[in-house]
Amino acid sequence: MEAKLTFLHFTVAPSGATAWTRTSKQLLAVSARRSGTALRTPGGASGYCSAPTLSFITTSLDIFSSSYSWVIYWSNLGLSLCSRDLESEMHQMVPRRALLLPLPLLLLFAQPRFAADTAARARLPETVRPLLYELLVQPNLTSLSFRGTVRVQLEVLQDTEEIVLHSKELLISRAELQLGPRGLLLLPLQVLELPALEQVALAPAGGGGPLARGGGYVLHVDFAGKLSDSFHGFYRSTYRTRDGEERVVAATHFEPTHARAAFPCFDEPAFKANFSIRVRREPRHMSLSNMPKLESVELPGGLLEDRFDVSVKMSTYLVAFIVSDFLNRYISVYAAPEKIDQTEFALKAAVKLLDFYDDYFGIPYSLPKQDLAAIPDFQSGAMENWGLTTYRESGLLFDPQKSSASDKLSITMVIAHELAHQWFGNLVTMQWWNDLWLNEGFAKFMEFVSVNITNPELEVEDYFLSKCFEAMEVDALSSSHPVSSPVEDPAEIREIFDDVSYDKGACILNMLRDFLTPEVFKRGIIRYLRRYSYQNTVNAQLWESFAKDGLDVHEMMDTWTLQEGFPVVTVEVRGREVRLSQERYLKNKEPSQSSKFLWHIPLTYITSRSNTVHRFLLKTRTDVLHLPEEVEWVKFNVDMRGYYIVHYEAGGWDALVSLLQHNHTALSSNDRTSLINNVFQLVSVDKVPLDRALDLSLYLSKETEIMPVTQGLSELVPLYKLMEKRDMEDVENHSSALSVVQAYIVNLFRELIERQSWSDEGSVSQRMLRSYLLLFACVRGHAPCTRAAGELFRKWKESDGTVSVPSDVSLAVYSVGARSEEGWDFLLDKYRRSLYSSVKSRIKTALCTSPLGHKLQWILEQSLEGEVLKTQDLPYVLVSVSRNPKGYRRAWDFLRANWERLLNKFDLGSPAIAHMVTGVTGQFSTREMLEEVQHFFSSLRKETGAGLRCLQQALESIEENIRWMDKNLPLLKAWLDKRGPFEGPGDHGL
């Protein structure tokens, strides 16, 4: 069939005025396909719409904020509107019968159809709501495509001319409306595609009248699409068998806004509905979905149709289905056949955790089954799809002989997080994505609560502080955002899947729990879950759940969720009087950005005379409390349970430094950790001089606990890394200064490093500390470490990998081996052959530490191609290479050169993009690099990332690095000269 096309061109000015320009009656030939017809202008732009009217077009163009060039097409295939800026091919469904109308006749017969504000809303109108989806989907794992049908039972809440729902890159071949669940009449619907909003508007063809309030209707839509090459929507994943055969998996990841790419739906969390899902597949495959499978029916042609039970009421982002050849050796953990023996640990952990949550919340798990599936390609760590949680293989698969202590901890935590979501997020869901933290902050918090009880041997409480410190790194910048933050479009929504929503959310919940007591806190959240089961909530409804205990936390918690940042509390002790003041901790020190902020801070403190935890609620900018007696020292924010840092004036820091140097165990491990963090953070805002912070660090030579040691390294190593990436004019003196800083850090921990054994012995914390210290020492070139690691690598290589290397120390061993070309190639070969994700992860990290520049370039390129290394790991690989002094320029150049490919793969606004941007630029500290970064960022358009928060964060961080180095580098050198010389690490390190 040939289609004839006449087109009209017009321009929309910024004011919304329209300028019409009639072009010649140009006729084009386009090919019609069964699924739709591509309409192309001579310039190559494409568009799609089925018969919208000029009334809609002319009255709704003022939604655009800048000038766009648009084309209206009228042909025997209907009327179409598209932007000349569109790059991807759009398709229009072909009416079976249509007439070619001259343009004047078209204008004469044009009549209003769609409401003028339909396109003006990023959010769906609340005129109808879905009650039940009956979804049939059939993926083809050979052609990498899918097709399907969805029937949606609707309730009309307001009279409306159209039904507006989400659809993204789907070919809609049929849309009809059934009057009532058992109605026989099927009314054809016109389809207007709104690609900029990822929406479609459906209205009765020929002006069939409005849908009446209170009426029951059933929407029928047939659709088709391609399995995505990204990591979201309905996408393809692959894995290789032991024999090298590539196998395809079709999997879903819909959070936050990607269900619309798999089937037309109301893709907002408040539009909860029930789902009845059917999946068609070949007999060699199996399928999974949220609910148990009721039956499999053989169809003509040999396909099977799996029919799943109707789900509970849930949001679209929780829907999931998988088609694969996976096995489930155990009841409900699925993995590739050759990896199924690595699932036993996950099964046992999941059983214990589900039992814990059932008991803790007093609300039984809502579904009859819970599947866990390890997906070979997966962008995020895991996804909480109700009844079918999905994971990276590294987040689920564990082998007692190959996996390390940190693997055991991280897998348990990831499972705990996703299973907590079955209550927080699935059973009770935020009303809109601005309150994402109600899902993610709670799940992150419950990780620690649950694992501390179910797996006490993992000593998980040791690591909670690090989450608060990570959140504060972001929250200390003016580009931060409130925990509850307004968002509208998909890119904005994806941006808030960050440390603020997850980690700060968890930290303020931990602070509230400490303030209320664990028992009162638990009663409040149980009340919240029971009251709002299968519903959507906002911030205020959580706080109201604590009111029955006579507690009004609403006002206090609003100060933590509705404004960004966090406070620094200044403490000045004068005799028995303690003067307190609060202000926002902000690294750019703009008074206008900090003066308006005020928090209700639940202070806690201990003193030299009393280990009893005392409490004081600071609600004003300044206040005074009185001690019962004079004290030698006072320590606020006991165990860092509050989300604030503390500055001690009038000799307060001197007293605490002296305490650490003479009797550091008088304070808990968490208190020591928080002092290390706080003092270095206060250097950044000029409240504490650098030499005072370095004086405090001297006590670390006596420290043996994991959290103070790792926090000390995380504060000191960046001093070295910032210097390392500065191209000083005086190369010789610069190199000497670097060596001195490195020698000081290694010397500080030398005794502890040399006490470590090259084994997998000890508690989880001891084993993780060993891994951390030996990797640090080997990468820094500490001679005893590199000799021992080198010998282990030699034996492992000579045995062709048959001699095992203890898992906890293998990363240090591999990193030393990766220094040589031969060792690097051997490691890569073992990476290719390994079926263990934990082993592959450690080898991959080691390859990124190599000083061989051409190898670093190769691993970057291969990670993007996705053949040898999975593209899901590219963000990690890129940031790892950027931390290598031989690779940081390569990483930055790679990021710029491949920016648009990365956006296509990882999605605009995604956490992966943010991680790459901030990770690659985070240690730049020169004005030259700042200008280079600014120039690149300024060249971006909105659709390629201009305005992303991560760009602002990167620039702020570089500016802060420059300021810090300019002020403190001379002080650092002077302090080291006064206390040196230090014994060097022994040979050249990275």
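Here the Cβ of each residue, glycine as well, is placed from N, Cα and C on the backbone.
TrEMBL annotations: computationally assigned, not manually curated.
Annotated domain 'Aminopeptidase N-like N-terminal' per TrEMBL: 130-318, in sequence order.
TrEMBL lists 345-560 with the feature domain 'Peptidase M1 membrane alanine aminopeptidase'.
Sequence-distant neighbours of His421 (Zn(2+) binding site): residues of the same chain at least 6 apart with a C-beta under 8 Å from its C-beta are Glu384, Thr389, Asn439, Ala443. Annotation source TrEMBL lists Zn(2+) binding site at His417, His421, Glu440.
Take the CB of Glu418 (active site, proton acceptor) and look out to 10 A: across all protein chains shown you find 27 other CB atoms. Per TrEMBL, the feature active site, proton acceptor maps to Glu418.
Among the features that TrEMBL reports, site 'Transition state stabilizer' is placed at Tyr502. Within 10 Å of the Cβ of Tyr502 (site 'Transition state stabilizer') there are 24 other Cβ atoms, across all protein chains.
Taken from TrEMBL, the feature domain 'ERAP1-like C-terminal' covers 633-959.
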Quiz item: At the Cα level, what's the spacing in Å between Glu418 (active site, proton acceptor) and Glu440 (Zn(2+) binding site), rounded?
Solution: 10
Exercise. Taking the Cβ of His417 (Zn(2+) binding site) as the reference point, list residues of the same chain whose Cβ is under 8 angstroms away and which are at least six residues distant in sequence.
Key: Ala382, Glu384, Ala443, Lys444, Met446, Glu447
Quiz item: Residues near the Zn(2+) site, His417, His421, Glu440 excluded, by Cβ within 8 Å of the Cβ center?
Solution: Glu384, Glu418, Ala420, Phe424, Gly425, Asn439, Phe442, Ala443, Lys444, Met446, Glu447, Tyr502
Practice problem: Measure the Cβ-based neighbour count of Glu440 (Zn(2+) binding site), defined as the other Cβ atoms within 10 Å of its Cβ. | Solution: 25
Quiz item: What's the CA to CA span in angstrom from Tyr502 (site 'Transition state stabilizer') over to Glu440 (Zn(2+) binding site)?
Solution: 5
